[in-house]
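K.L.:
What TrEMBL records for this protein is below:
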- 5-165: domain 'CSC1/OSCA1-like N-terminal transmembrane' (DOMAIN)
- 186-339: domain 'CSC1/OSCA1-like cytosolic' (DOMAIN)
- 351-618: domain 'CSC1/OSCA1-like 7TM region' (DOMAIN)
- 6-27: transmembrane segment (TRANSMEM)
- 97-116: transmembrane segment (TRANSMEM)
- 142-164: transmembrane segment (TRANSMEM)
- 353-377: transmembrane segment (TRANSMEM)
- 397-425: transmembrane segment (TRANSMEM)
- 445-464: transmembrane segment (TRANSMEM)
- 545-577: transmembrane segment (TRANSMEM)
- 598-620: transmembrane segment (TRANSMEM)
- 626-644: transmembrane segment (TRANSMEM)
Amino acid sequence: MDIAALLTSAGINIALCVLLFTLYSVLRKQPSNRIVYFGRRLASVQLRSNDPFSLERFVPSTSWLIKAWETTEDEILTVGGLDAVVFQRILIFSIRIFSIAAVICMFLVLPVNYYGKEMAHKRLGAESLDVFTIGNVQEGSVWLWAHCLALYTISCTTCALLYFEYKSITKMRLTHLRGSPTNSSHFTVLVRSIPFVPGESYSHTLKKFFTTYYPSNYLAHQMVHHSGVVQKLMDEAEKMCKMLSAVSSDGRSLKPFCFCTSSTLSFHILSDQPESGDESIRYSDFEIAPPDNTQECPVAFVFFKTRFAAVVATQMLQTTNPMLWVTEQAPEPHDVLWSSLSIPYKQLWLRKIATLLAAIVFMFLFLVPVTFVQGLTQLDKLSKTFPFLRGLLKKDYINHVVTGYLPSVILTLSLYTVPPTMMLFSAIEAPISRSGRKKSACLKILYFTILNVFFVNVLSGSVISQLSVFSSVRDIPLELAKAIPTQASFFMTYVFTSGWTGLACELMQLFTFVCNLVKKFILRNYEDAHDWLMAFPYHTEVPRVLLFVLIGFSCSIMAPLILPFLLFYFFMAYLIYKNQILNVYLKKYDSGGLFWPIVHNTTVFSLVLTQIIALGVFGIKDSPVASGFTIPLIVCTLLFSEYCRQRFQPVFKKPAAQVLIDMDREDENGDRFEDIYNRLRTAYCQIQLTSHELRPGLAVTRVNDVAETIPCSGGPKPGSFL
């Protein structure tokens, strides 16, 4: 690919970005699009409708960029939680490290690459991109020291920044843990694979077990029921509520029962005034067995009196049979994936194996579009395969579009099939939480994109030749060293298409915008329904950013011309994603920054891979001294990674006993345990009430046939999306 083809791709994508940014700055001001571009804010506050005849509504503006730039990290933490802050930290880290890499490589490495061989250079527009890569450096050249020095500087800077980021985010996670003293999940343990005892319900079996072995710490439990039965009850309750919503008698109101602690779901006309009598809570009556034992699942949420007792229960093997009485820390109430809890525990390992095999098959099937894309970058092979295109491909503009723009577009469009497929595979694995499902999908998408977008595109050619490369592991560094400089031009166009234009499409919310347009102007439904509001798609955006980090590291000293374009992508992503977190996406749950270990490990992998590729390049270029200095750099990077894994990663896997005991003592000294136990009673509601006819935030639970109106944290809240 020459400079002209690269500029053609850049020009097309810049034009698309400017068009989409302009449309966004206008469309976001239209009242009919509030639900598309201000979904999160609309769910929490009532936005003022703009004057439909105001000229300002139709004038493009950059006010959203200024607002995003001025938003502080504390505001992001309040709005999007710790996960949003961690995602922003990924972008900030990328901006910092690639700013340093761009300065070093553009002013030191790029001139060495360009003048690496004695040759007559063409005019800049007709110059091949290969002359800007390390492939243009003469074998045995002493100037390879510039590449080795740049590699050392980038590696040391990356490790230093990673260490400080890991340390900072670890402190933020501990602060997040201490700052949520009433989090119900801290006191709750999910118990699966409860053994069946003839003549007894699962509830009775579980209570007998925990009162025997945890007599001083066991508080209560809540059984999980089959989702089909629960959904049927919910549908009947919704119908009954709609039928009786207009009923009002003597100032009394209709309120639903929340399926949290009772086996029955019924409605009663209750007075708004509290009933007289003893309203003390009896925790022994907290759980009630359902009349039909077949509705119960061998799964339950067990509540403990202290956080420390709950954590100890999750770390212990309960019986000599590891497949029975399986315990793990319960997710947050809003994070529970109820449909997965009814799946037998013994099926989980089979599901994981099946999804692994399915993901591998899908990965190999995706080689077809990748191989086709690489064929477009090689016009000589394309002309031989399709002789009727020879005349068309001789035209300069068509040549530039086909080689510079079309391959990255086809690959980007093909990649849109990956996230829903991997999310389906993760759902089949039956994780217990939405965040767990999203994290599993994130890892699958990350592995998929690294293998198919990076390695398969680098080791281009037919599928057979790609497989033959992997048959000899020792040759992989040399093959990568030969291929990276030649494929740098493709990665530049990929940054334009998937990076720049992809961010513009994310800002526009094209799919949601089209659906909203059809709903309001074709179906004539003008109500702003909150059903479209989503949580931030970490499972797609984290792998996307990490792929660009991998491309940036691997091309930094091989083809440094990509760094300014990549740096511009990270800067745009920082502003656009911050705007989306503030205005579009809801915070439904918070994993407490669990994505950062994935980011750290992937970044270290990218750095080590870059060093291995550089080692291969130095060997090809006959520079034994540079190769010798690269080996200790690889060893030191791996030692640094192991130190971070030992120092910081355990905090992300299990809570510290010191923190939990201190929190328990503070609650005990402040007499807050009674209030916490009250919250536990209705924290995990298997039925989520969604009817707009219901009074928000209220639920009724039946204990010993006595109805009490209490707040239900698992039910809907004003302005929340379920």
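In case you wondered, yes, glycine gets a Cβ from its N, Cα and C as well.
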K.L.:
Give, as a single whole number between 0 and 100, the mean pLDDT over the domain 'CSC1/OSCA1-like 7TM region' (351-618).
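P.N.:
Residues in the domain 'CSC1/OSCA1-like 7TM region' (351-618) carry a mean pLDDT of 82 in this prediction.
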K.L.:
Could you tell me what the rest of the chain brings near the transmembrane segment (545-577), counting residues at least six beyond its ends with Cβ under 8 Å?
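P.N.:
Residues 10, 65, 68-69, 87-88, 90-92, 94-95, 98-99, 101-102, 105-106, 109-110, 113, 129, 132-134, 147, 150-151, 154, 158, 446, 449-450, 453-454, 484-485, 488-489, 491-492, 494-496, 499-500, 503, 506-507, 598-599, 602-603, 605-607, 609-610, 613-614, 617.
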K.L.:
Excluding the flanking five residues on each side, which residues at least 6 beyond the ends of the transmembrane segment (598-620) place their CB within less than 8 Å of a CB in that stretch?
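P.N.:
Distant Cβ neighbours of the transmembrane segment (598-620) are 86, 90, 134, 139, 144, 147-148, 151, 154-155, 158-159, 162, 165-166, 439, 442-443, 446, 477-478, 480-482, 484, 542, 546, 549-550, 553-554, 556-558, 626-627, 630-631, 633-634, 637-638, 640-641, 644.
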